[in-house]
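**Student:** Structure incoming, see below.
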Amino acid sequence: MSLLTEVETPIRNEWGCRCNDSSDPLVVAASIIGILHLILWILDRLFFKCIYRFFKHGLKRGPSTEGVPESMREEYRKEQQNAVDADDSHFVSIEL
């Protein structure tokens, strides 16, 4: 005899999900957490550059430039722009 004949198969009315219309608080909490997780994941994938740049730099635009010569300010701006440009290069385009 093969193993397939030994396995119990569920009857037709047991194929459905048993947690439908459940008032169990654990099921409700798990559903809410799952939905929130999915929403946050989608937002993260859509806006990850903005989000991580915000957490990295905060609301400030950068360090204060009081008392710093203009040449050093320009050098700092170029470094920041190069860092942003380099950040864009981590995407890989694969053409088949």
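Cβ atoms here come from the backbone N, Cα and C positions, even for glycine.
According to Swiss-Prot:
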type	residues	note
CARBOHYD	ASN20	N-linked glycosylation site
TRANSMEM	23-43	transmembrane segment
SITE	TRP41	site 'Seems to be involved in pH gating'
TOPO_DOM	44-96	topological domain 'Intravirion'
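Help me picture where these features are in the structure shown.
**Tutor:** A Cβ distance under 8 Å defines the sequence-distant neighbours of the transmembrane segment (23-43), meaning residues of its chain 6+ beyond its ends; these are 51.
In the shown protein chains, 10 other C-beta atoms lie within 10 A of the C-beta of TRP41 (site 'Seems to be involved in pH gating').
A mean pLDDT of 70 is what the model gives for the topological domain 'Intravirion' (44-96).
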